[in-house]
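Colleague: My questions all concern the structure below.
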């Protein structure tokens, strides 16, 4: 009896640890995006605020880390876009898939760790970049990034954590979904919404000021609209599914009425 109680306690501890680990590792995507947004502003602030930006010795580190984060976040966003378009989730379960998930997960954390110091220093000198985006853009970006984070969690984070904690795939629970949604909502209101808008406004402001945007700025702007497109596709797919449900329900009702008439 005592051994059974210990086994149950150990299992509950594993479930709690699994929930916390999946949630925290899934949040590495929005945190990495925040770091990337701040690094993108480095050159913009270096030109406009030369006396208050970080030291020039940081520029090479910022450039390398910015490219690394851009490549990884873009890869995840493109995978989420394709998954949202075709409606087929790609979950890595084989050993090769787990190795790839481990590689991307570690690379994302390395890029985030390298950019935290420089990103925080840049953010301290950040000023307003212009008018805020419209509510529609913010809603689409919010939905698109949440969709990308869910895909990131299912395709990379959860297979790694499942294999590490339980040694086998585990069904997603409602507690995981709620924890991830609440955590993402908190990050959105805390920092993500402002950083996302600054990512788009940096390139637009540079073009308005006749500055010369680099490929990193243009890629950041493309990434912003890519995530907006994910949100738009999510809305369209949900609307199409709702219409399909209504038509099927109406068809079932009409068929049942015809059967009643035949019986009478």
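Think of each number as a place in line: the chain as shown, counted from 1.
Just so it is clear, glycine is given a Cβ too, placed from its N, Cα and C backbone atoms.
Nobody curates TrEMBL annotations by hand; they come from automatic prediction.
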Colleague: According to TrEMBL, transmembrane segment applies to one of these ranges: 16-40, 166-190. Which one is it?
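Modeller: The listed stretch tagged transmembrane segment in TrEMBL is 16-40.
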Colleague: Please tell me whether the transmembrane segment (222-247) and the transmembrane segment (61-82) touch - that is, whether there are at least 3 C-beta pairs under 8 Å between them, with each pair 6 or more apart in sequence.
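Modeller: The transmembrane segment (61-82) and the transmembrane segment (222-247): touching, yes.
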